[in-house]
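K.L.:
One structure follows; several queries about it will come next.
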Amino acid sequence: MPCERRPMRYGHSEGHTDVCFDEEGKWIVTCGSDGDVRIWDGLDDDDPKSINVGEKAYALALHRGRLVTAASNNTVQIHTFPDGDPDGILTRFTTNATHVAINSSGSRVAAGSGDFLVKVVEVSDSSKQKTLRGHEAPVLSVALDPKDEFLASSSCDGSVAVWRIDEQARVTSWNVLQKSSDVINSKSLCRLAWQPSGKLLAVPVGLAVQLYERDSWSHVSSLSDDFITKVVNVVIWSPCGKLLAAGSVGGNLAVWDVEAKLCVERQKHEKGYTVCGMAWHPSGVQIAYTDTEGCLGLLDGVCVSSASAQKSLKAPDTKAAKDYDALFDEEDDGLLDEEASESHSPVKKNADAEGDDEDYDMIPTTARPRNRGSFLDDDENSLDTGSVNVDRFSENNFGGSAEPATAPVKSRPAYDGPVPTPRQKAFQPSSTPAHLMHRFMVWNSVGIVRGYNDEHDNAIDVEFHDTAIHHAMHLSNSLNHTMVDLSQEALLLACEGTEELSSKLQCSHFSTWDTCKEWTVDLPKGEDVCAVCLGQGWAAAATSALLVRLFSIGGVQREMFSLPGPVVCMVGHGEQLLIAYHRGTGFDGEQCLGVQLLQFGRRRRQVIHGEPLPLSVKSYLAWMGFTAEGTPCFVDSEGVVRLLNRSLGNAWTPVCHTRENCKSKSDHYWVVGVHESPQQLRCIPCKGSRFPPTLPRPAVAILPFKLPYCHTATEKGQLEEQYWRSVLFHNHYSFLSSSGYEIDEEAQNQASKEQQELLMKMFALACKMEREFRCMELAEMMTQSVVTLAIRYATSSRRMALAQRLGQLALEKANQLQGEVQEQEDDDDEENYGSAKQNSRRSRPSNARAEEEYEEEVEHEEQMETEEPAENRRSLLNPFNKGSRSPERPSPKPVNKEDRVNPFKVSGPGKSSAAPSGQPRVANVLDTMTPSSRKPGALPNPLSKQNKSPVLKPLVPRPKSKTQATLLQMNAPKLSSKKSEKEATVEKLRPVEVPPMPPAQDNCENRKPKTGFQLWLEENRKNILANSPDLEETDVIKEAMGCFRQLSAEDRLRWTERAKGDAAEPKKRKREEEEETKEEDKSEEHENEEASAKKKKPLDTSAKLSAFAFNKS
């Protein structure tokens, strides 16, 4: 029967650890890189006693109430055991002591250090010291001979030496190790061990353990096994001296019968971590071991399995065929284990003569099928996940008895396929492990919640960063709450259920105006809370029944839904809920997690539908949350921070690697918050640990973001990284704007400006490198105004072919901009059309019946625009329209560079009393712009909608919004002649008398061109009224708009083109009249200048391209 491997449990912070038993085997004593020595009353002790011996503790030894430790303060100290009182300093070194050992009588202590020295000190009188010199590198380990005659030591210089203590002389040495510069860089700790009788010295060398005989110092034998795949780190002897145990860097544990040279026990660390400390229980029943992650483990029943192996070697079993049922008993699993170890078992001799082949015909061919499911067992005390417990699944890891070699049995190949990974347990982000007496329950942007659970008190302290939100609170934790979340509205707590009590959810709503601030919910029996979170006006709890229960902040139960797998983490922010859960079973150390993102509010929808969560290789989820601006992000155990890129189909982009900022491999950063503007990653540095202690209060550090782009050492790579990082970290503006939140437009514009500057820098760099195709790729990402600057730069750089292509690109962008503006105007026309109908119905005069009759004869929209009273016209002003009779003139040709006419300049009305009273007096279209959008009192007369601006030139920069002027309007030169400007202004602002009811043919020139929707409505109005005769006019328009949108894109385009075709004929006549008027009003001098400008028009390419550039004169 193989030994039982107990689940690992957390003991110290990440780093080197050591372990030993006391003489009676009652206590397990460990030390770690956190500087503490912990005394455990068995592996299940939840409250071990702690003794601080320094900043770090490297090794320890215990004998007869004396605890000897090697600490980082370059000393070897003694403490009383188990009280832990300091009892003096034995010796000092110039650097850290690396290992200590104590003899069997407790009278001598040997210690090795990083200054190449080994000292042997008398415990009764520390002044009596013997120093052994000869190593040329730091000492790895020391071992005292049970007879107090010799001392063995290993060093980073690659040698293992044996010293005679009294003579302080080296007896012999073997250069069997790989050299290294320091203990931390050594591939093996090479922990030596003497046999209790002192006959043999065990030395771990590579993948085997070499045995050297005393006095002769000759190499006797080597112990190895196929199960050991990495370097052996530490070896120990059993109290009886017949068994030898070893632990490797890969987490493999093996036990050999030294006399038979047979591997009788194989186990593997459940997470594959390096075993750095081992100790055998005085009774020989248990082996305690520690790893480099600070965890403590235990192998139970070692001597039982080895004893059965010894018995089986002496008394072969000859009843295999007679007792068929016994073959499947758990006690006879050694039959299969023997096959896995026969390759290195010298007892397989004369097998053909001692057994019968038929006796083994009924041995199962699959290894331990009844225990095959044990690898899915999770570690109840583990706080993180690594690799899976493969010991019970591997053919080379069956421990226990060794059956007699009575028949030639072919060894089956070991299973080499993927193995499942234990599932990560649920956790709260920014919280430390729950088993700690003092821990952080949550640390976020609102405050800090600490939990205390010791012999004096069991309470929760809440501290707010901003005391204006709420004052600090102290709560009693009588229900043993382990999960907490904190927001600006409430404090949410939850506890797991017990046999007597069900799981509870408790909320302290401190922001309520009500006097009752707390509410509690009891979950059904057998259903436990696994994760909690708070949002804006809501709370959520994920349970063990794979349910997510939603509550209002006041305690009203809301929706609930099921999860596809067990929850791992859950966070909330505003109206968003982010959930990570197990979507399947991972293999080979990988976690298989899925993520869901739900958005509440007006439009409740699921943004991410259970897509896989991308983690680093063989890592697990360490933190998950939202940025301060509301973007989901998470951090894995490798320190990689990933942010959700909404503009790339909700993909996850790595933005930072915290481990790159760590000075040591054992250091980590504990994330508490992420900010996009400014770009900051707020975290706490943890030296030698994954999480900080509560006292002293840790300081928050700020790490920068850096996308892992290639060639970031070059200027090109740096600019690319800066540009895409800026794009990624400013995506939240569009999301917040679409969600109805107010945004900082100034900051958004500044970010856009920075991005365009970076593009221009990359463009200039590509030009210098003669990468013109790359220049075009960069120009496609620029705005139209920046493309114009790129044209100038290309022209000045004498790259005419590039400038020509950039000009074509600018023309395409201008056409695209014009199309977008037209689409926006069409949409506004439909909205204004509906609002005009509704307003006209409210303000309709008394002769409504006559107006309705007239509507049947004339188009509805034209008549209503004509008949509306003045106050209604003022309520529908449009800031982009001109005066009531400003004719649409063609754009004048530029005369010369200094004297070009601005085709977009709009002059206000003069002081003529004939101007409409509702029209404000303006000198430029920019004067009519207001920050608000479509306010009734600030929009122009709908009658002036017909007079639109001339068509945009190809290089007009794209406006930032409908209410902002274009760059061309700002930079365009003024008219050369004030007289002509005044005459044009007077002509545009000539008053128009609107008769009460003009004929349709007389009004066709002043009316607004019809849109495709209006034409469609005219022809289909009767059908809509026939289907729904009771509809009001507003409802008719809404119904028509819905039907029009259901048409295909081709049909809508056909109606739009038809509308444009109908409006072309009156516009043509109108244009002819304008040209005649213009010819009469133009002065002869202006005509001469225009003719001379045409004659002097340059013909070279650079002059043609300059037409695309802006003039700032």
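Cβ atoms here come from the backbone N, Cα and C positions, even for glycine.
Note: TrEMBL annotation is automatic and uncurated.
When I checked TrEMBL for this same protein, it listed these features:
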- 1006-1078: DNA-binding region (DNA_BIND)
- 822-832: compositional bias 'Acidic residues' (COMPBIAS)
- 852-869: compositional bias 'Acidic residues' (COMPBIAS)
- 885-902: compositional bias 'Basic and acidic residues' (COMPBIAS)
- 907-918: compositional bias 'Low complexity' (COMPBIAS)
- 978-991: compositional bias 'Basic and acidic residues' (COMPBIAS)
- 1048-1066: compositional bias 'Basic and acidic residues' (COMPBIAS)
- 1079-1093: compositional bias 'Basic and acidic residues' (COMPBIAS)
- 1006-1078: domain 'HMG box' (DOMAIN)
- 337-430: region 'Disordered' (REGION)
- 817-1008: region 'Disordered' (REGION)
- 1048-1113: region 'Disordered' (REGION)
- 9-41: repeat 'WD' (REPEAT)
- 132-173: repeat 'WD' (REPEAT)
- 232-266: repeat 'WD' (REPEAT)
K.L.:
Using a Cβ-Cβ cut-off of under 8 Å, list the residues of the same chain that are 6+ residues beyond the ends of the repeat 'WD' (132-173) and lie near it.
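P.N.:
Distal contacts: 95, 98-105, 108, 110-120, 179-183, 185-186, 188-198, 201, 203, 214, 217.
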K.L.:
Express the predicted model's confidence over the domain 'HMG box' (1006-1078) as a mean pLDDT, rounded to an integer.
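P.N.:
Looking only at the domain 'HMG box' (1006-1078), pLDDT averages out to 75.
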K.L.:
Mind tallying the repeat 'WD' (9-41) by DSSP state, helix then strand then coil?
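P.N.:
Counting residues per DSSP class in the repeat 'WD' (9-41), I get 0 helix, 16 strand, 17 coil.
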K.L.:
DSSP on the repeat 'WD' (132-173): how many residues come out helix, how many strand, how many coil?
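P.N.:
Split into helix, strand and coil, the repeat 'WD' (132-173) gives 0 helix, 24 strand, 18 coil.
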